[in-house]
Amino acid sequence: MLFYSFVWSVLAASVALAKTHKLNYTASWVTANPDGLHEKRMIGFNGEWPLPDIHVEKGDRVELYLTNGFQDNTATSLHFHGLFQNTSLGNQLQMDGPSMVTQCPIVPGQTYLYNFTVPEQVGTFWYHAHMGAQYGDGMRGAFIIHDPEEPFEYDHERVITLSDHYHENYKTVTKEFLSRYNPTGAEPIPQNILFNNTMNVTLDFTPGETYLFRFLNVGLFVSQYIILEDHEMSIVEVDGVYVKPNFTDSIYLSAGQRMSVLIKAKDKMPTRNYAMMQIMDETMLDVVPPELQLNQTIQMRYGHSLPEARALNIEDCDLDRATNDFYLEPLIERDLLAHYDHQIVMDVRMVNLGDGVKYAFFNNITYVTPKVPTLTTLLTSGKLASDPRIYGDNINAQLLKHNDIIEVVLNNYDSGRHPFHLHGHNFQIVQKSPGFHVDEAYDESEQDEMTVPYNESAPLQPFPERPMVRDTVVLEPSGHVVLRFRADNPGVWYFHCHVDWHLQQGLASVFIEAPVLLQEREKLNENYLDICKAADIPVVGNAAGHSNDWFDLKGLPRQPEPLPKGFTTEGYLALIISTIIGVWGLYSIAQYGIGEVIPNDEKVYHTLREILAENEIEVSRG
């Protein structure tokens, strides 16, 4: 009896100390110039950009009111990346944020309340729009959960966001990307990289003091390196998980990943300042335009009068030294989940469909948004919630039993890197292959031969006794990764590539975990129902919006039909470029009859010919 009295007194004290953070934000377009080179519309809160970082403590409550203040037809939603929204601790899945997965989009004029507690997590997280590629236009910020009992000491704390930056609006870039005129699926090349939403940054250091740097890659696409000149970092936290200190001078962060490091300043005043390098992962870019700056130098300044650090070149840096997260170990020892109850094998592919667009696939299925949020379908379907048919055949629904150990195997039949993020859980990384054939040039038709899929009977490396735990992991080119987690958080959890261009291509799945138990814990609240009605989205029904017959999927959005047999990406490219050349020819004839020949005509022609030659396609000038 005394024990229970003690427990309840501790809980009561925790509740008494917890704070409630009431935040009111209106999202709208604001004009900004993050890189100093190009003014554009960014997404601000309350008329300001960058968005504020949110700092809370473990056990605090957040009440964030998000109002859609866009004056156009832009809808939005907000996700708190890495937060479990654990329903067993009183939170609601309706607070997770991905549009048409766990909520309806917030249309202009509507307000949605994100109301949750953060009782069991600490560390570095972030919040961002989860609709289209919106957060690339700045709708993002750090979300830091401070721990009164941090297992390390430091004198100063700095939150550092890394991101790629596009000069064009995300809607324009997405439209050009998902187009038959981009049949190779080449990802949009950013125009710059940002360090804390800007460039040309100087960081002040005091001799003898220790700094906690919380690095977050909040970009849409490109992974980034951070490299220190003549300084060392001690990695102490990854994706909200404390790790045993690991010393390095270089780290690697994909989109969505976070890493906290301790940096010890020089003991005595040095004779010069030093460099911190921020470098794009060039291997993720199909082409590198000559005007693209792949890196920038951040000054680590000890004194205003000291000589500045020289700008380092990428050639000066050994990128292979970046820490491999597979070999990190959680500070709180967690043994390997030694077996699995349910295995999900997902083959990642990029394929053109009949509309000429290149889509991303898990097991030959590309994610297509349903007419009703998946959470709505689950919570209004009664006993049918455990039947995968009601969720449609284009969201890659995976039904998981409560407390089962789940193994997810990802095989990469693509030549690019993919950072995968799971909502609602961390996972153990039990196998992670290197990339294969990264520097080789080979035809797309040879990809299956180049890929090294996971062989359960002959894993490439021993299973770690205490695997690294995080929520976002990089799948290497032509390689594989194996993840395990316990399905102990009932919900509708999005699993997707955090290269947002790949998410727009459909590289996503939905893990529907313990649906009957979730029905017992959660009901759709009035605010949820109101924003759905405002968006003209049904508040009951299957993926197609039908509730009279739950297995009637008539009208469900589906992926386009496949290309005709034998019609390749190269063939499509030849058709498009030949058409362009033909149109160019007709245009030139018309121009010749009415005025001077356009000076750049010959340049356009030769550029198109070069593209054809690179793809080994022959087209006569005609």
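Any Cβ shown, glycine's included, is placed from N, Cα and C.
On a predicted model such as this, the values are computed, not experimentally measured, just so you know.
When the candidates HIS38, HIS55, HIS423, HIS425 are compared with the Cu cation 3 site entry in Swiss-Prot, which names HIS130, HIS496, the shared residue is HIS423. Record check, Swiss-Prot: Cu cation 2 site residues include HIS128, HIS498, and the candidate from HIS81, HIS402, HIS437, HIS546 also listed there is HIS81. Just one of HIS342, HIS418, HIS421 is listed by Swiss-Prot for the same Cu cation 4 site as CYS497, HIS502, and that one is HIS418.
The Cu cation 4 site is set by HIS418, CYS497, HIS502; from the centre of their CB atoms, other residues of the chain with a CB within 8 Å are VAL348, ALA360, GLY416, PRO419, PHE420, LEU475, HIS496, HIS498, VAL499, LEU503, LEU507. Spatial neighbours are here defined as Cα atoms within 10 angstroms of one another, and by that definition the neighbours of CYS497 (Cu cation 4 binding site) among the recorded positions HIS79, ASN115, ASN196, HIS421, ASN455 are HIS421. For the recorded positions ASN115, ASN295, HIS502, a Cα to Cα distance of within 10 angstroms from HIS421 (Cu cation 1 binding site) holds for none. Spatially, by CA atoms, the recorded positions ASN24, HIS79, ASN115, ASN246, ASN295 include one closest to ASN196 (N-linked glycosylation site), and that is ASN295.
Ranked by how many other Cβ atoms sit within 10 Å of their Cβ, the glycosylation sites ASN115, ASN246, ASN364 place ASN364 at the bottom. Within the same chain, residues at least six positions away from HIS502 (Cu cation 4 binding site) with a Cβ under 8 Å of its Cβ are GLU187, ALA360, HIS418. Per-residue pLDDT, averaged over the topological domain 'Cytoplasmic' (595-622), rounds to 50. For the recorded site, ASN196 (N-linked glycosylation site), the DSSP three-state label reads coil.
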